[in-house]
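**Q** In case it's useful when we look at the structure, here is the feature table from TrEMBL:
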TRANSMEM  16-34  transmembrane segment
TRANSMEM  46-67  transmembrane segment
TRANSMEM  79-102  transmembrane segment
TRANSMEM  114-133  transmembrane segment
TRANSMEM  145-165  transmembrane segment
TRANSMEM  186-208  transmembrane segment
TRANSMEM  214-236  transmembrane segment
TRANSMEM  257-275  transmembrane segment
TRANSMEM  287-311  transmembrane segment
Amino acid sequence: MSDELFILLSRQINEVLTAATVIVAVSMLLYNLSHGPRDRVTRASSVLLGCVSAIYVGDVLVAISRAPQTVESLLRLQWLGIAFAPAALFHLSDALLATTGLQSRGRRRRAVRVLYAFATLFFILAISTDLIVRDLLMRPLEIMQAGALFPLFVIYFGIASLFAFNNVLRARRRCLTRATYRRMTYLLFALVTPMAGTFPFSLLLPSLKEADAALLWLLINIGNLGIVLMLAFMAYPLAFFGPKKPDRMIKAELLSFLLRGPITGIAVLVVILYVPRLSFFGIPSEALMPFVAVATVMGLQWLFTIIIPIIEQKLIYTEDQEQARQLQALSQHLLTRDDAKQLLEATLAAICDYLRVPSAFVISLNGEKVTLEQQVGPLQPTLEALERAHLSALLQINSSLENGAQAHADSLRLVAWQSFWLIALRSNRGGRLIGALGIWARNTTPDLQAEEEAVFRVLYQRAARVLDDMRLQAELFANLEDIIETSAAVGLESESVRYGNAAEAARLTDPAALDSATEFSEVIWGALRDYWGGARLTDSRLLRLQQVQAQLAEQSGDAAKAVRAVLNSAIEALKPQGAYSLTSAEWMLYNILDLRFIKGQKVRDVARKLAMSDADFYRKQRIAVERVTQVILGREKQLNAERIS
């Protein structure tokens, strides 16, 4: 192979590798910004990735530029990344060291500021003078020559990099668990990537000759390939900083992101660069290229959909993650309330079509409380009429019935009521009455034929199963809310514990910093009682909250308005999704808080509207106040964590 052909191929490979570096760096930057921008390590690594992106975007633009003035301007603008990279590297190392519990006493923070000041100075000198870089060379490749003050930059780069490496080495020594020690080791070696990828080695070379071009391009491509791989490798340990999630979730999200983001982007880039240079059966390659690019994206997404579950099974959800797999399967099979209503609607529509009746409905029964769950057709009974009908007695249901076989024997006993035929819907868990299905009566007495009865049996039992699942999953979701809130609180401390900073984690949950949940719940209860004015609304323990302090500025220093805004925000956080309902179980706690405290209605009036006894109201009111307390305490812990980080 001649040198000219080798150089041509090397240039084309360099285009791909340089663009791939940009894709990986920018993808990691976007991943950081969307998965923990408030974390100090994430912010510092984002600055470093931004520097790498700026340098390699410049290389891409230089490769497609021909005018010497444009090339020189781009090479000077690259110094935005080159000059700031050492400062960002030290900034990242300081943040990593702080995660292990060794907080800066001021010296490291001052060093970060000084390094950023030097970076700004070098960047200004590089773009406006010849003191850092000078005299553009266009052959054998586009480079600048070193200026008079370039040795000062080398000293700055070397000192910042050495201290950054030393900080990460110290952080690695402080890690006490195998997992954190291993990840910090990965970072220690991965930090070589930005050091090697951002330093302008070309300025150290003597005058280049055409004969050296082949060797130079070979070295450049080997270096760029290593940088692409190391950037992708660096994404793994950095992903564990910031997100307050279990490790398995972080791994799964990172795997999906890398495959669907950078890998797909690089594949499309290769198509765009090389398909126009090929010919297929006489078809113009330029016309074919968009179709090949789209086919590449679609094919890769189909492939990833197949292989991601397999990779997760092998690398993430291993044998010791059986519970995680069960939770993943649970999330795929759970029915939301909207899902259940759609199934009920489809079932009722099928009943109406098959029996040739205009209307049907499903109600749920909880004691004497009646809830209209779904209806089809224009002819429907009113909720008041259903409540007055005493349906349990009408359907001749013995509330103590526990025999499932007997319930099944009675399952097709239709009862005429007004203009409808009613049939009881029972739970599969003991045959307990949970509701009723009504269809428009074709006659004064039920007259289903044998074939109609067989089809109706299947459809009404399907409705019973859906209604039973709705009840079961409502109980499950009620328990899941507590689990999720507890897990979120644990997640706030997980970052500190994960990297050995137990003292930091203790500060987030120090009982002296925040009152116990029980005591604080009483404070919230008093503030809600005095929501529209009273001494308990401005309790000193509430005024010490960071979220209240933040609201004081927005409320012109009015303490009562600030506390009221925090309480209202916490109540709104409990508001369910979907259409408003006074009778739905998922709206119960929000309705109690809204009607009792925000709107100031009396206990008896609220209980009557929500169709519950006074005793039941007081019990649920206590639960609602505890939920508000959990929301406020959770937000306060998160603010404390952000302040510390």
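The backbone N, Cα and C atoms fix where each Cβ goes, glycine too.
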**Q** For the transmembrane segment (257-275), could you work out the same-chain residues 6 or more beyond its ends whose Cβ comes under 8 Å from its Cβ atoms?
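**A** Distal contacts: 12, 15-16, 19-20, 23-24, 27-28, 30-31, 232, 235, 285, 288-289, 292-293, 296-297, 300-301, 304, 308.
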**Q** State, in range form, which of 46-67, 79-102, 114-133, 287-311 has the highest count of Cβ pairs under 8 Å to the transmembrane segment (16-34).
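**A** Answer is 46-67, with the largest number of Cβ pairs below 8 Å.
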**Q** Can you work out whether the transmembrane segment (79-102) touches the transmembrane segment (214-236), with the criterion being 3+ CB pairs under 8 Å where the paired residues are 6 or more apart along the chain?
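**A** Since fewer than 3 Cβ pairs under 8 Å link them, the transmembrane segment (79-102) and the transmembrane segment (214-236) do not come into contact.
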**Q** Sort out the residues at least 6 away from either end of the transmembrane segment (214-236), same chain, that have Cβ-Cβ distances under 8 Å to it, and list them.
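**A** The answer is 3, 6-7, 10-11, 13-14, 17-18, 20-21, 24-25, 28, 31, 52, 140-141, 183, 186-187, 190-193, 196-197, 208, 254, 258, 262.
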**Q** With a Cβ cut-off under 8 Å, give me the same-chain residues at least six positions beyond the ends of the transmembrane segment (145-165) that come close to it.
**A** 83, 86-87, 89-90, 92-93, 111, 115, 118, 122, 125, 129-135, 137, 188, 191, 195, 199, 203-204
**Q** Given a Cβ distance threshold of under 8 angstroms, which distant residues of the chain, six or more beyond its ends, lie next to the transmembrane segment (186-208)?
**A** 21, 48, 51-52, 55-56, 81-82, 85-86, 88-89, 92-93, 96, 133, 137, 140-141, 143-146, 150, 157, 161, 164-165, 168-169, 172, 216, 223, 226-227, 230-231, 233-234, 236-238
